[in-house]
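Engineer: Residues or ranges marked as topological domain 'Cytoplasmic' by Swiss-Prot on the basis of sequence analysis: 209-272. Per Swiss-Prot, transmembrane segment is recorded for 9-29, 38-58, 154-174, 188-208, and the stated evidence type is sequence analysis.
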Amino acid sequence: MKRFDYLTPVGFVLGTIIIVIGIISGSGVSGFRSFLDLTSFFIVTGGLCAAVFISFPPSELKKAPSVLKQAFIRQEDNVKDLVKTFVSLSDHARKHGLLSLDDQAREIKDPFLKKGLLLAIDGWDEETIRLVMDSEIAAMEERHRKGRRVFEKAGEFAPAWGMIGTLVGLVLMLKNLNDPHMLGPNMAIALLTTLYGSLLANMVFNPIAAKLEEKTESEIFIKQVMVEGIIGVQSGKNPRNLESQLVVFSSREEWQKQPKQVKTKKGSVHEA
């Protein structure tokens, strides 16, 4: 079940409040205006957008809004309910045969679980089922990585463009040393671009990338539990034994101890 992840906007609002309070407590409300500079903001955001446009093809950039939306949604998968589902399927398969699960499998809404069960019902062996399902997981992980990479690179570019703006401001300041009226505005550009770049990186792009990565790990975890459940049903494992296995396996700490299959660039697979 998908629900609104309120912690994402709460984090943004909380970070903004902390910055604003820090500024006001040091210089008052009137001093807050000193931290607003359109030129500095334009240098950072404009340069950041240019760098991102150069780095990614249009097809990846078009997906960015939908990927960003995932940071505001949390998927609530109840592992206990999932275990109960597999226990029920296993019990039914042992009593009436694996083929009797066909109707139940086709009614399942989760496409990953549905596909795995249909493979088992169609008579595919354990090794093939595991290979197909692991390939599905790897493909999903790669899609998520590509979507997340836009925000990861933006988090890298933002501080760099902040530094570029700082250099621009310093050059302008040194060029106008004879004009005292220009020292303040140019110094503001030099310092505020660094501030804006750091804020965009550490309060927007990097946290979003981190949240997207955590969501990917959670989804992989759920799918790994599904794979083990499907294999258990396919092999005719005793429902109680399958339940005991999945209860242990469904602990994230235990799952992280399992050897992971790592796919290299050449296509070979080895355990890490």
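Along the chain as shown, the residues are counted starting at 1.
Note: Cβ is positioned from N, Cα and C throughout, glycine not excepted.
As the structure is a computational prediction, the values presented were derived from the model and not from experiment.
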Engineer: Taking the transmembrane segment (9-29) as the reference, which of 38-58, 154-174, 188-208 gives the largest number of Cβ pairs under 8 angstroms?
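Structural biologist: Ranked by Cβ pairs under 8 Å, first place goes to 188-208.
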Engineer: Restricting to the topological domain 'Cytoplasmic' (209-272), report the mean pLDDT as a whole number.
Structural biologist: 74
